[in-house]
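**Student:** To start, I am sharing the structure in question, which I have written as structure tokens.
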Amino acid sequence: MKKTLFLFITCLLISCKSSYLDSKKSAVLLDITREVDSNAFVNIKNYSKDFVFDMKYATADNFLKEKVYPCDECFLRVKTVKALLEANKSFITKGFRIKLYDCYRPKSIQKKMWKIVPDANFVANPKKGSIHNRGGAVDISLVDSVGVEVDMGTKFDFFGEEASHKYQNLSPEILANRKFLKETMLLYNFKSFDSEWWHYNLNGSNKDELSNQKWHCQD
Ligand SMILES: [Zn+2]
């Protein structure tokens, strides 16, 4: 009881409400170009139905073997969503679509992940944070027109040299798939990350602040 009262008073003082993102789904698709605050966090599901979602950390099917997100929402800053929508449009004209594995990750969840695996080779130290904590990073792959995942050579979050863009000992088809993903993402203002073929940062997003906004889940 004492603890609840303490939490309640703390919430009143620091306004706990403001640390939650609006997870309400819009009945109609919204237009991202009408969003004026490019740094605001939005749910990408309100702006497009053309993405495939496979949010690994909202399930136990990840290297932590633990579900660390309450549900599979994908929040990102408006500018990241804008760039990603454009990249996806380009993939769609070629018969593919982006599949999302991870988007914005609140700092508190970064801490939780670090607690499970406190090793900087696998998880970013929450003291430093990652671009995922800044709303500018996405972990993605591609699916073809019938929804089959394109072969990228390794699974998402495979920790080994085979996941690196520098690793060349792969079939010509896999190398071409990775190149296709990378070249398109680079065209739309993203930067690749050498050791993970799936990770892309919006250019300049390393300058944005770390964020710890959580979200409520809807039924
Ligand atoms: Zn990532």
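For all residues, glycine too, the Cβ spot is worked out from N, Cα and C.
Sharing the feature lines straight out of TrEMBL:
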- E196: active site, proton donor/acceptor (ACT_SITE)
- H132, D139, H199: Zn(2+) binding site (BINDING)
- R105: site 'Transition state stabilizer' (SITE)
**Student:** Between R105 (site 'Transition state stabilizer') and H132 (Zn(2+) binding site), what is the CA-CA distance rounded to a whole number of Å?
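**Tutor:** Cα-Cα, rounded: 5 Å.
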**Student:** So which of the recorded positions R105, D139, H199 sit close to ligand 1, that is, with a CB under 6 Å from an atom of it?
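**Tutor:** Once distances to ligand 1 are taken from each Cβ, D139, H199 fall under 6 Å.
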**Student:** Below 8 Å Cβ to Cβ and six or more residues apart, same chain only. Which residues does that give for H132 (Zn(2+) binding site)?
**Tutor:** D102, C103, Y104, R105, Q110, A124, D139
**Student:** Would you list, in sequence order, the residues of this chain other than H132, D139, H199 that have their CB within 8 A of the centroid of the site's CB atoms, where the site is the one recorded for Zn(2+)?
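**Tutor:** Here the nearby residues are Y101, D102, S130, I131, A137, V138, F193, E196, W198, Y200.
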**Student:** Select the most exposed residue of D139, E196, where exposure means the fewest other Cβ atoms within 10 Å, treating these as the recorded positions.
**Tutor:** E196
**Student:** Just checking, which of R105, H199 (recorded positions) has the fewest C-beta atoms within 10 Å of its C-beta?
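**Tutor:** Ranked by other Cβ atoms within 10 Å, the recorded positions R105, H199 bottom out at H199.
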